[in-house]
Amino acid sequence: MASNTMAGGLVAGSHARNQLHVLHGVDEDPRPPTRESKAKICRICGDDVGFKDNGLLFVACYECGYPVCKACYEYERSEGNQNCPQCHTRYKRHKGCPRVVGDEEDNFDDDFEDEFQLKKEERDFNEHQNHTEWCCHSFCCRKWIFEGEKETYNNEEWKERVAKWKTRQEKRGLVTKADDGGNDQDDDDDFLIAEARQPLWRKVPIASSLINPYRIVIVMRLIILCFFFHFRILTPAYDAYPLWIISVICEIWFGLSWILDQFPKWFPINRETYLDRLSLRFEREGEPSRLLPVDVFVSTVDPLKEPPIITANTVLSILSVDYPVEKVTCYVSDDGASMLLFDALSETAEFARRWVPFCHKYSIEPRTPEFYFNEKIDYLKDKVQPTFVKDRRAMKREYEEFKVRINALVAKAQKKPEEGWVMQDGTPWPGNNTRDHPGMIQVYLGSEGALDVEGKELPRLVYVSREKRPGYQHHKKAGAMNALVRVSAVLTNAPFMLNLDCDHYLNNSKAIREAMCFLMDPQIGKKLCYVQFPQRFDGIDRHDRYANRNVVFFDINMKGLDGIQGPVYVGTGCVFNRQALYGYDPPASEKRPKMTCDCWPTWCCCCCSGSRKKSKAKKKGLKAVLGLGGLFNKKKMMGKHYTRRSSGSAFDLEEIEEGLEGYDELEKSSLMSQKNFEKRFGMSPVFITSTLMEDGGLPEGTNPGSLIKEAIHVISCGYEEKTEWGKEIGWIYGSVTEDILTGFKMHCRGWRSVYCTPKRPAFKGSAPINLSDRLHQVLRWALGSVEIFLSRHCPLWYGYGGKLKWLERLAYINTIVYPFTSIALIAYCTLPAVCLLTGKFIVPTLNNLASIWFMALFISIIVTGVLELRWSGVSIEDWWRNEQFWVIGGVSAHLFAVFQGLLKVLAGVDTNFTVTAKAADDAEFGELYLFKWTTLLIPPTTLIILNMVGVVAGVSDAINNGYGSWGPLFGKLFFAFWVIVHLYPFLKGLMGRQNRTPTIVVLWSILLASIFSLVWVRIDPFLPKQTGPILKQCGVEC
């Protein structure tokens, strides 16, 4: 650890306290690297670059000095594209390396000398070496490496490559043949080494035959849309002028919404991971695992609404994950301070001692007992152990007994005693008052003696309930997650964190390994803020009536964002880089040095470049001293390459300041002006020390007792006061959808994210499948978007000085403006009924050219959808359900969210819509027919009745007026049926299985529709106003 830290650059610390702090990540030693200096790391395979025969560091590319080892260099020249991964310059042949096709003719002498082993004096490469003395310090890969394709080979191809390379080495006498007895073992070792050098993941671009037509149609649709608006604006319907104005405004808004949604899907990609290579690289036989630790967060609030058996199953799936047990810690946040959950976790920890070894022994999937034992599959498939059936039956019996114990706890918790809950030892439960209680931490597993039934170590399980007091703002889920960040940093401090909702379990035991293929990648790992997995759900009916699976978003929109700057954070199923949550910037890629021509003297170029560097550094230092750069504007608070590692205990801030003695005043002032830890992270030296340890881990010599005490301190209700928690650090406050804000802030700093979609879904959860619950879920999401729109973090005006890409910004703008589409949508859905009742229409008589534009627009919409389904693999049924629920949610939940958000932000009025449950069937998907009354049901019901009445009125009018009135009627009927068809799932859910609808819904809807229709007919604003005398019928038949 110390050697790695020293290699990072200038180091400040105290030897007596065994503490190290890296101040600069760039080594400024002008001497050429030798064997005595620290070896460089190959950016392709992760091994040491190595040295030449003369003791100098091996440099593959003389242009940019990108660190590549000799083996990867020779593989790239013989089997790859023969170019440097960073600067695209063709590799020149090094002395002693085989010649390949395309080598320059001026190197023929070297080729002749190498192939015939002639002894000559070595050529002078001083000019190249002088140039590479600066270049070899570049460790940052360029952007195209992240976005470019990674070349991969199967096992047979790699065996051939290794065999060819060994043959060439043997011919040149660099490798001697071993005895016959050891050849097989050497071949296997060479093959494993070669396989470990392969990338851990690769990008799978969409085939050009699928994506190019899709992009062409998008451009054509945009052009057609422009001509369509040109026609609509310049040809008003004078007989229905108000309706025409409303329709044009709505159509323009729909066009802008389509642009915001469509263009972020311009670069969709897929990704594949290679878990076997991850194991070969970081889990070598006979060596300790080098996989980095992971802290898993599970959040819950009310165990009576979120059943403890569901939370217990999620915890069991985490504890049995396929990952080194000493590197996994599960933290459960109980924001309701419930003794029920406390006791349930105690039972879960006891059951885990038998469940975890069973999962590891038989490699079962999924490792959630509730879903594993209820799966309707052949559980004997691929099982060869004779004891499996017996052990499975015994484990199922154990789980059923475990469920009975949990059910007993739930039944006991239904009625709270007057004196409050009492623990088993007789002491009162500290959380009897859920709004006024101290912080609580309980470690169930991971301590001494907490082993499974086979005597093996188990992952750690920690119960956390943060302190709550009256008068403090606790910020709901975002505040609970920030408390878990601090507790985990004090107790375990893993560099990565996985957060899950209590109803989302690990469906794939290798999910964490999937994320590590990206986060531990030597090229892009340090620049990733998180790896997002798609959400998959159990218990949804086959037809997915209300688009609960959200397939279009997760399989189309998210893949499109993955090709830009990364997917948005969706609140669960996400593995975070801890450093990104601390508000730091990602490591900046060093730019290549500008090439100078031979016409200028070398000293001139050096002086000019040197003066520029000095002036730039001076400006940066002055900017930091004056505070103009913002707090922590550079990476890691002390330069963009500051790495925070510490091998000793550092529990006092004075120790950090002792390392400043060896630096000039400018650096010292810059360091002290930007490094006010207490104002940023809070008054906890232990937590501040953990933020300086980039690779995680605890300082040496820490006392577990003192750590628990400090953990209680960091979850106190007043800890975040006058700090940047919730503003720049951790989960961001200010919206009920804190996930969007948190991911948006990270992307604005320049971080990237990755979308990982393994073949077996990584996580699965539950979703509300009945109409009322689904609408309330959508209401909460839309309300959060409105809150962000009205805050300072709105993507329309926030972060323009950062590193957020424009297409990524469009995607974030779309996520916060989509609720406002409901205003235009409900107006547009009302227009067909109005047109049918009044006989007017929003479009005047069409000529041939206008008809062509209308037809072209509809055809382009259909073709865009078809091509989108082709490259994404989404079924047409999922796509159609998504379109239907877009209208259903838009005219109900989104509309209420807009007004509720405006009242909450502007007037401070918090409006809640209550939900009342009715009885449901116990059959499969019985909850689908569960009806709950809510005011969200009134607008869409009214729209359905209005359009049905309009259809009846329009057809009746056409029958009375004769054949000539049927032509104009078809356009009106088309739009009315468009509304009815999109609202059909809502109507079906409203009627229920027994076609029973509550009277209040029918009364309100019929009343509003009748009043609107009668008032409209009475006013009839489209009748021409008479200017002459009013003529009335005399009543006499002439």
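Cβ from N, Cα, C; glycine included.
Remember, TrEMBL labels are computer predictions, not curated facts.
Taken from TrEMBL, the feature active site covers ASP335 (among others). Residues near ASP335 (active site) in space but far in sequence (CB under 8 A, at least 6 apart, same chain), listed by position: SER299, THR300, VAL301, SER465, ARG466, LYS476, LYS477, ALA480.
According to TrEMBL, the active site annotation covers ASP739 (among others). Around ASP739 (active site), the same-chain residues six or more apart in sequence whose CB sits under 8 Å from its CB are VAL568, TYR569, VAL570, GLY571, TRP731, listed in sequence order.
The feature UDP-alpha-D-glucose binding site is assigned by TrEMBL to SER299, LYS305, GLU306, ASP335, LYS476.
Summarising the annotation, TrEMBL assigns Mn(2+) binding site to LYS477, ASP501. The local packing around LYS477 (Mn(2+) binding site), expressed as other Cβ atoms within 10 Å of its Cβ over all shown chains, amounts to 19.
The domain 'RING-type' annotation in TrEMBL covers 42-88. The average pLDDT for the domain 'RING-type' (42-88) in the predicted structure is 78.
Positions annotated as transmembrane segment by TrEMBL: 214-234 (among others). Through the fold, the transmembrane segment (214-234) approaches residues 247-248, 251-252, 255, 258-259, 262-263, 266, 843, 849-850, 853-854, 856-857, 860-861, 863-864, 867-868, 870-871 of its own chain, all at least 6 residues removed from its boundaries and within a Cβ separation under 8 Å.
Non-local neighbours of the transmembrane segment (241-260) in the same chain are 222, 225, 229, 232-233, 810-811, 813-814, 817-818, 821, 824-825, 827-828, 831, 834-835, 840-843, 1021; each lies 6+ residues outside the stretch with a CB under 8 Å from one of its CB atoms. What TrEMBL records for 241-260 (among others) is transmembrane segment.
TrEMBL lists 816-837 (among others) with the feature transmembrane segment.
Within the chain, the transmembrane segment (849-867) has long-range Cβ neighbours (under 8 A, six or more residues past its boundaries) at 210, 213-214, 217-218, 220-221, 224-225, 227-228, 231, 235, 262, 879. Per TrEMBL, the feature transmembrane segment maps to 849-867 (among others).
Sequence annotations record features per position, and here TrEMBL assigns transmembrane segment to 887-907 (among others).
Annotation source TrEMBL lists transmembrane segment at 928-949 (among others).
Taken from TrEMBL, the feature transmembrane segment applies to 969-987 (among others).
If you look up TrEMBL, you'll see 999-1019 (among others) marked as transmembrane segment.
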Cβ contacts under 8 Å made by the transmembrane segment (887-907) with residues that lie 6+ beyond its boundaries: 546, 775-776, 778-779, 782-783, 785-787, 789-791, 818-823, 825-826, 829, 913, 935-937, 939-940, 943, 979, 982-983, 985-986
Residue pair GLU306 (UDP-alpha-D-glucose binding site), ASP501 (Mn(2+) binding site) - Cα distance, angstrom, rounded: 10
Between LYS305 (UDP-alpha-D-glucose binding site) and ASP501 (Mn(2+) binding site), the C-alpha gap once rounded to whole angstrom: 13
Close in space, distant in sequence - ASP501 (Mn(2+) binding site), Cβ under 8 Å, 6 or more apart: VAL298, SER299, GLY571, THR572, GLY765
Fewest-neighbour residue among binding-site residues, criterion Cβ within 10 Å, set SER299, LYS476: LYS476
Contact set, same chain, for the transmembrane segment (816-837): CB under 8 Å, 6 or more residues outside the stretch: 240, 243, 246-247, 249-251, 253-254, 257, 260, 740, 782-783, 785-786, 788-789, 794-796, 887, 890-891, 894-895, 897-898, 901, 939, 943, 946-947, 949-951, 953-954, 972-973, 975-976, 978-979, 1013, 1016-1017
Residues close to UDP-alpha-D-glucose site centre defined by SER299, LYS305, GLU306, ASP335, LYS476, Cβ within 8 Å: THR300, VAL301, ASP302, GLY336, LYS477, ALA480, CYS502
Residue with minimal Cβ packing [other Cβ atoms within 10 Å] among the binding-site residues LYS305, GLU306: LYS305
